[in-house]
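Quick notes on the structure that follows.
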Amino acid sequence: DIVMTQAAFSNPVTLGTSASFSCRSSKSLQQSKGITYLYWYLQKPGQSPQLLIYQMSNLASGVPDRFSGSGSGTDFTLRISRVEAEDVGVYYCANLQELPYTFGGGTKLEIK
């Protein structure tokens, strides 16, 4: 199985500043066609996870363009350019390259 690794907590950030989340996979998530099957989800308190980014860098429908995704085959970053209070929650990266699909342990966004 592909192992997805994330830090449990982010560095505390101030509202209006940027935040970054890192994720590493134990195997490349890039297919031969060049598509990278790395997905990012946000689980807000008391809610189900919502898709933020698909195929490493594509913004899901309805997600503010404050969010962006980047990376390589195994190392990935989710960035929020201007953190808002509504962004609080746990951010998960996921391997949708091969079964079984696997998730990182999640990184909790900490606000100062």
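Just so it is clear, glycine is given a Cβ too, placed from its N, Cα and C backbone atoms.
Features of the protein shown, as given by Swiss-Prot:
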type	residues	note
DISULFID	Cys23-Cys93	disulfide bond
REGION	1-23	region 'Framework-1'
REGION	24-39	region 'Complementarity-determining-1'
REGION	40-54	region 'Framework-2'
REGION	55-61	region 'Complementarity-determining-2'
REGION	62-93	region 'Framework-3'
REGION	94-102	region 'Complementarity-determining-3'
REGION	103-112	region 'Framework-4'
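Comparing the disulfide-bonded residues Cys23, Cys93 by how many other C-beta atoms lie within 10 angstroms of each C-beta, the top residue is Cys93. Through the fold, the region 'Framework-4' (103-112) approaches residues 4-15, 19, 21-23, 41, 43, 83, 85, 87-95 of its own chain, all at least 6 residues removed from its boundaries and within a Cβ separation under 8 Å. Put simply, of 1-23, 24-39, 40-54, the stretch with the most CB pairs closer than 8 A to the region 'Framework-3' (62-93) is 1-23. Note on the region 'Framework-2' (40-54): residues 21, 23, 60, 63, 67-69, 78, 86-94, 103, 106 of its chain, located 6 or more positions outside it, place their CB under 8 angstroms from a CB of the stretch. With pairs at least 6 apart in sequence, the region 'Complementarity-determining-1' (24-39) and the region 'Complementarity-determining-2' (55-61) have 3 or more Cβ pairs within the 8 Å limit; the two touch.
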